[in-house]
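As given in TrEMBL:
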BINDING   His177, His238, His311, His524  Fe cation binding site
Amino acid sequence: IVEHPAAGYKKIFETVEELNEPIPATITGVIPSWLGGSLLRMGPGQFEVGGEPFNHLFDGQALIHKFDLKNGQVTYYRRFIRTDAYVRAMTENRVVITEFGTAAYPDPCKNIFSRFFTYFKGIEVTDNCLVNIYPIGEDFYAVTETNYITKVDPDSLETLKKVDLCKYLSVNGVTAHPHTEADGTVYNIGNCFGKNMSLAYNIVKIPPAQGDESEPLEKSKVVVQIPSSERLKPSYVHSFGMTDNYFVFVEQPVKINLLKFLSAWSIRGASYMDCFESNYSMGTWFHLATKDPAAYMSSHKFRASAFNLFHHINSYEDQGFIVVDLCTWKGHDFVYNYLYLANVKEEWEEVKKAATRAPQPEVRRYVLPLDIHREEQGKNLVSLSYTTATAVLHSDGTIWLEPEVLFSGPRQAFEFPQINYSQRRGKEYSFAYGLGLNHFIPDKIVKLNVQTKETWVWQEEDCYPSEPLFVPTPGATEEDDGVLLSIVVKPGAERPGFLLVLDAMKLTELSRAQVNTIIPVTLHGVYKP
Ligand SMILES: CCCCCCCCCCCCCCCC(=O)OC/C=C(C)/C=C/C=C(C)/C=C/C1=C(C)CCCC1(C)C
Ligand SMILES: [Fe+2]
């Protein structure tokens with residue numbers, strides 16, 4: 001465990017300018033010749049407007065980054081996405097649209113009457129797509145978790161159009177973590193605030209491109225509806241699990257209080273962050289639904305102790321069980337409460353103190369039995385030889401789940417997980433790759449064998465990496481035959497930003513492509529071959 005007394009991490013939370021054209025990178029080592037394509041990643045790039053700071057890590061204006069790899073050469077390019085949030089902020093030189101943790105104030109130039117009418121136009125939901133980018137059909141969309149997604153050109157990084165998912169689907173938003181099948185079918189999940197205040201989580205399906213002019217989104221539909229456990233308070237959902245035949249949805253005790261949500265918009269200074277609250281009694285609920293024909297199976301109540309969940313690692317079916325691997329944070333306290341920019345930009349000793357009070361991270365495996373009716377109460381129903389995870393049927397009909405811990409270290413998180421997705425999605429697997437967070441500060445890349453719990457680490461002094469994306473070697477059969485791509489920032493260096501290419505088997509460095517600019521924190525992205 002390394003220390004960061006120089007607090008170099010502060011640099012990844014500072015505003016940068018976009019580039020007018022791609023810049024060449026200086027390469028050390030050798031980039032595999034088969035690696036030709038673009039690494040596209042999203043993150044915040046502007047952390048204040050007109051002297052007004054954004055408050056939260058998830059508020060900064062969406063910046064798209066691209067490393068192009070071709071014939072062993074590398075270039076880097078970045079552009080701000082021309083979202084409504086960005087364009088209007090630039091035009092009026094103030095925060096115009098309320099972001100996740102920053103409220104927009106009414107236009108000081110408007111008089112009380114025009115302010116009154118703006119207010120009654122209702123909620124203006126943000127389109128600040130800083131969280132992820134992924135393909136739908138032939139197109140690429142930059143996304144946050146609201147109903148607005150933004151189509152971008154993955155070559156020029158130009159902003160193409162804003163799309164409102166509400167036009168196609170009955171959802172109030174969807175996650176930034178869809179699942180994709182080999183044929184290009186996309187699944188996602190989102191909250192749905194239905195008629196007469198009925199609340200549900202809707203799983204949506206977007207078919208692949210048909211090879212004609214038709215728009216996949218036009219043919220999208222809701223395939224499963226899972227009712228909310230609590231009236232007026234849906235749980236926050238950031239990702240979900242999918243096996244060959246099932247959807248896995250974890251309903252966590254972090255709740256959106258819809259009454260607060262609706263009234264917050266009339267309270268000066270309120271943001272999305274003010275609408276969250278913890279449920280101290282429900283614990284955590286697991287839901288299963290079949291994929292085909294899509295149906296919700298409510299017959300059993302899977303329950304576990306309280307944890308925050310953002311990222312599913314992988315899920316799969318094995319001998320009548322569903323294995324669900326998760327990056328958890330223990331307790332009901334909302335982890336996002338610790339991710340204000342003022343917190344992550346503190347000096348190292350303060351950062352450490354704050355992380356001590358926050359929920360503690362743990363990678364866990366939960367196992368859900370599919371066949372329950374014949375079994376006796378009070379006994380462990382999990383008979384998979386390789387796991388210590390348990391599931392016990394109680395007299396009230398609930399099934400209590402206890403996890404097997406796959407990775408745990410005090411205030412050391414294995415987060416932003418990735419797998420060999422094209423080969424192992426929804427299937428039994430061995431390897432997960434993740435970003436190591438040291439008291440919330442990203443300072444290493446970790447490989448985890450989920451079967452043996454063996455770990456491998458890449459770490460370098462004063463270096464701040466991002467989520468490692470796995471790219472398989474063409475024609476590979478071994479699960480970990482490939483490379484990991486991560487954007488790393490080394491603030492003191494002459495060329496402080498670089499694309500790091502690691503051998504995914506040993507986590508050793510193959511090469512780095514360095515540029516003469518700081519690259520702010522990125523959250524998620526894709527590799528486009
Ligand atoms: C990369 C290193 C980062 C350094 C620190 C990170 C620490 C992270 C620890 C935990 C992992 C958390 C991962 C979270 C990743 C993420 O990208 O989250 C971003 C989420 C955002 C921006 C969500 C925005 C959601 C909005 C605006 C939702 C709005 C809504 C509601 C709240 C209610 C109902 C409707 C609506 C409008 C959808
Ligand atoms: Fe995420």
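Note: Cβ is positioned from N, Cα and C throughout, glycine not excepted.
Shown here: features listed in TrEMBL, placed on the structure.
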residue	record	Cβ neighbours (10 Å)
His177	Fe cation binding site	20
His238	Fe cation binding site	19
His311	Fe cation binding site	20
His524	Fe cation binding site	22
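Taking the centroid of the Cβ atoms of His177, His238, His311, His524 as the Fe cation site, the other same-chain residues with Cβ within 8 Å of it are Val131, Asn132, Thr175, Ala176, Ser239, Phe310, His312, Phe416.
His311 (Fe cation binding site) falls within a strand when secondary structure is assigned with DSSP. According to DSSP, His177 (Fe cation binding site) is assigned to coil rather than to any helix or strand.
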